[in-house]
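Structure, as structure tokens:
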Amino acid sequence: MSSKVNLFICLFILHLCAAASVRGHKIGIYEIKKGDFTVKVTNFGARVISVLLPDKHGKIGDVVLGYDTIKEYENDTSSFGAIVGRVANRIGGAQFTLNGTLYKLIANDGNNTIHGGPKGFSHVIWKVSKYEKDGPHPHITLTYHSADGEQGFPGDLLVSVTYALKDPYKLSVVMKGKALNKATPVNLAQHTYWNIGGHTSGNILSNVIQIFASQITLVDQHLIPTGALAPVKNTPYDFLKPRKVGSQINKFQNGYDINYALDSSENMKPVAIVYDKKSGRVMDLQASAPGVQFYTANSLIKKGKGGYVYQPHAALCLETQGFPDAVNHPNFPSTIVTPGKSYIHKMLYTFSITK
């Protein structure tokens, strides 16, 4: 073997070792804590990997589904706890036209794109730019630079998410985006799977939920919006008054997976309230986005934390967002961000106990 080949092999091995070292160094787990309220985050996908808080008996429990290791998150296909984007939810036909240019994306949901493509924001390493573990203002800010053409989307985009703990038992999530050189669609969503009874407590069908929306965006058989909105009144989608998640779920083949058009026009609007009788925990969600995807983990079968196997309906997701496929429906609220303009999406979870 020639000396040049030996040198090439040595350099290649050093490159791999260096890359692995950098990659290993960059991915971490970060805790923010306020009293007996603790949230853990990883910068792989800017994911929430655990939320610990007491129940009505004072017992601390973890109320989000997840895994024990980063490797499992790297192989995850369910977006556990992640920030999904550049565009959350589905884009029909994996394409859209913007300012006269047709952009073809990478299909990863049949012929459609979901959650930004096969390597969306949930599967990249974010940079930790600010971190304060405890004290009066526990928080962590993570940032990511999405390059022009990434997963087919136009323009360079800087995004960030800040998770912060407030008093009492409040988790604030603020997602921001800035287009640097081209107009681009931006629709970030926080994709935590919640089971406020505890992640090992079984299904969420007995949870009582209220969703502050009187309309849904109608979808076709591939869950792509048709462009029309429909009232929820007198349908299984109606949660304007609190009722159990499972009270009419048998009307669907699998369960709920639909975008609700929120009623309020306020900046921070009521989204949903979830109550678990056994634990006494209540989760109240407000957000600035116009819609929320209500999803009941319909096809979930995953081995999670501590080896516990999560089954269908083991959690619910409340993904506040712009409307799905808005890039192909001019009548929907626009998700286009132009250079010089900023995108901001705020969420506030308030947890409490009812005995």
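Glycine is no exception: its Cβ is also placed from the backbone N, Cα and C atoms.
Per TrEMBL, signal peptide is recorded for 1-19. According to TrEMBL, the beta-D-galactose binding site annotation covers ASN89, ARG90, HIS191, THR192, TYR193, ASP257. Positions annotated as active site, proton donor by TrEMBL: HIS191. Here TrEMBL flags GLU319 as active site, proton acceptor.
Everything TrEMBL records as a feature, shown here on the structure.
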{"residue": "ASN89", "record": "beta-D-galactose binding site", "contacts (Cβ under 8 Å, 6+ apart)": "ILE114, HIS115, ASN187, ALA189, ASN259, GLN293, GLU319, GLN321, PRO324, ASP325"}
{"residue": "ARG90", "record": "beta-D-galactose binding site", "contacts (Cβ under 8 Å, 6+ apart)": "ASP109, ASN112, THR113, ILE114, HIS222, LEU223, ILE224, PRO324, ASP325"}
{"residue": "HIS191", "record": "beta-D-galactose binding site", "contacts (Cβ under 8 Å, 6+ apart)": "SER79, PHE80, GLY81, ALA82, ILE83, VAL84, ALA88, HIS115, SER122, CYS317, GLU319"}
{"residue": "THR192", "record": "beta-D-galactose binding site", "contacts (Cβ under 8 Å, 6+ apart)": "VAL48, VAL51, VAL64, PHE80, GLY81, CYS317"}
{"residue": "TYR193", "record": "beta-D-galactose binding site", "contacts (Cβ under 8 Å, 6+ apart)": "VAL64, LEU65, GLY66, SER78, PHE80, GLY81, ALA297, LEU300, ALA314, ALA315, LEU316, CYS317"}
{"residue": "ASP257", "record": "beta-D-galactose binding site", "contacts (Cβ under 8 Å, 6+ apart)": "LEU223, GLN293, PHE294, TYR295, THR296, ASN298"}
Across all the protein chains here, work out how many other Cβ atoms are within 10 Å of the Cβ of the residue listed as 'active site, proton acceptor'.
24
